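Novice: Handing you a structure now.
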Amino acid sequence: MEKKLTIANKVAYGFSDFGNNLVFVAATNYLMFYYTDVAGLSLAATGILFLVVRIFDAFAGPIFGILVDKTQTRFGKVRPWFLWMAVPYAISAVLLFSIAFFPASTRLPLAYGTYAIFTICFAGLGTAINAILPSLSADANERASANMFRNVLGQTGGLISGLAILPLVSLFGGLSSSKGFAIAMGIFAVILVIAEVFTFTNVRENVTPAQEKPVPLHDSIKALLPNGPWWTIIITNIIIFIGVVVKNSSTVYFFKYVLHNEGMSAIANSLSALAMIIGAITIPFLIKRFQMRTVVIGNLGIAIIGQGILLLAAQQATIGVALVGVAVSAFGLGAAQSLMFVMTAETVDFGEWRFGVRAQGLLTSVSAIEASIGAGLAGVINSEILARFHFVPNVTQTASGIMGINVCFIYGPAIIDAICIISIMFYGLDKVSARMHADLQAKRQAELNEGVLNS
């Protein structure tokens, strides 16, 4: 009988993403603005920076995944990484928003260095957050429930970040001051460390092979390359991340230059996080009635409807309609992205069932690659689009500049959501999931019985 997770276990798991999102959402939503409007970097230089660093750091995810698969401690395989990555990640978040303290000639190389360190640390913590989910429970419904807590608390972290970042920045120096951004991120960094220590202390790895050994790299690759459902999730997630980051990075521009109310961008980001929380809460209930692939497709459709509402808001310059569009789109994306993490955990089980190798570290670590590649491509896409439409910071925009912002915030994300619907149709694991889990449970019971007999 599969042991159910306690509420305390699920809350502890959720706090891992709460701390992570406090700093990551702030960086995703405001780093481009900080680089261009505070540090004075050009759009072209910023776009190239995002692409180069993110592609380079994409390799960090698999490296951390391999390290996780080879980790053996008295605390488990994944748990120690919450402790090991907390402080470096926190420090890197503060450094990220500190380059404007230095002379202008040094800011671009400092931006490359601090952004690289930040994304490496993000990959390490992200690998731990994703890799531990398959070990929390072998039951898909329990995983979905635990992941719901992760998404609710993670989005709560994003909500708090969205609500607090601009007021904190204003309080400690103003939007044009590096001091305000650095202090705000310092506050978030302290909370991040506390949250990750709490997770380390209160989660447990409940699903492990009876005689667990480090997984050789060639065996991990053997479980990865022919894993069709895993490839479907990876490709879809990369595309989703491109759309999410393109849109999030454009939020402040949309409200500042299209709707002429910069302060509402913080409200929009907070509303988006709240809507994503509500979307994530629906997932454990929906997957009991519908296949996972169907749930993802339906919610991506909702996200596209939200983009249509944003188009109306842009045409009418109506803030209220814009907030409705933000909420509807975020609800759909929140539900879809939440379920994708559960589906990734399912592909770990598929690798063990089909190929005899449980490479949870490597398979789940690629989620960090998805974020890195998606964010890197999104950064260069954003800057390239804005540059081609002749966007100029801190001045009244021309019709061309407004169109560039709308392409990033409205049209592009809608097209990307439609592409994701097509890609996720290739996920076929729903059909064999019940038999797969029954076989794995029988296998683990047989291994346990054999271990008892040999002891």
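In case you wondered, yes, glycine gets a Cβ from its N, Cα and C as well.
It should be emphasised that the depicted structure is a prediction, and the values quoted were computed from it without experimental measurement.
This is the feature table in TrEMBL:
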TRANSMEM  12-35  transmembrane segment
TRANSMEM  41-69  transmembrane segment
TRANSMEM  81-104  transmembrane segment
TRANSMEM  110-133  transmembrane segment
TRANSMEM  153-175  transmembrane segment
TRANSMEM  181-203  transmembrane segment
TRANSMEM  224-246  transmembrane segment
TRANSMEM  266-287  transmembrane segment
TRANSMEM  294-313  transmembrane segment
TRANSMEM  319-342  transmembrane segment
TRANSMEM  401-427  transmembrane segment
Novice: Any contact between the transmembrane segment (294-313) and the transmembrane segment (401-427), i.e. 3 or more CB pairs below 8 Å with pairs at least 6 residues apart?
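Specialist: Contact between the transmembrane segment (294-313) and the transmembrane segment (401-427): present.
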Novice: Take a look at 12-35, 41-69, 110-133, 266-287, 319-342 and tell me which one has the most Cβ pairs under 8 Å to the transmembrane segment (224-246).
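Specialist: By Cβ pairs under 8 Å, 319-342 leads among 12-35, 41-69, 110-133, 266-287, 319-342.
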Novice: Suppose I define contact as three or more CB-CB distances under 8 A, residues 6 or more apart in sequence; do the transmembrane segment (266-287) and the transmembrane segment (319-342) meet it?
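Specialist: Yes, the stretches contact each other.
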Novice: Taking the transmembrane segment (41-69) as the first stretch and the transmembrane segment (110-133) as the second, find out whether 3 or more Cβ pairs fall under 8 Å, excluding pairs closer than 6 in sequence.
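Specialist: Touching, yes - the transmembrane segment (41-69) and the transmembrane segment (110-133) meet the threshold of 3 or more Cβ pairs under 8 Å.
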Novice: Restricting to the same chain and to residues at least six past its boundaries, which positions have a Cβ under 8 Å from a Cβ of the transmembrane segment (401-427)?
Specialist: 228-229, 232-233, 235-236, 239-240, 242-244, 246-247, 249-251, 253-254, 257-258, 292-293, 296-297, 300-301, 303-304, 307-308, 310-311, 314, 329, 332-333, 336, 343, 381-382, 385-386, 388-392
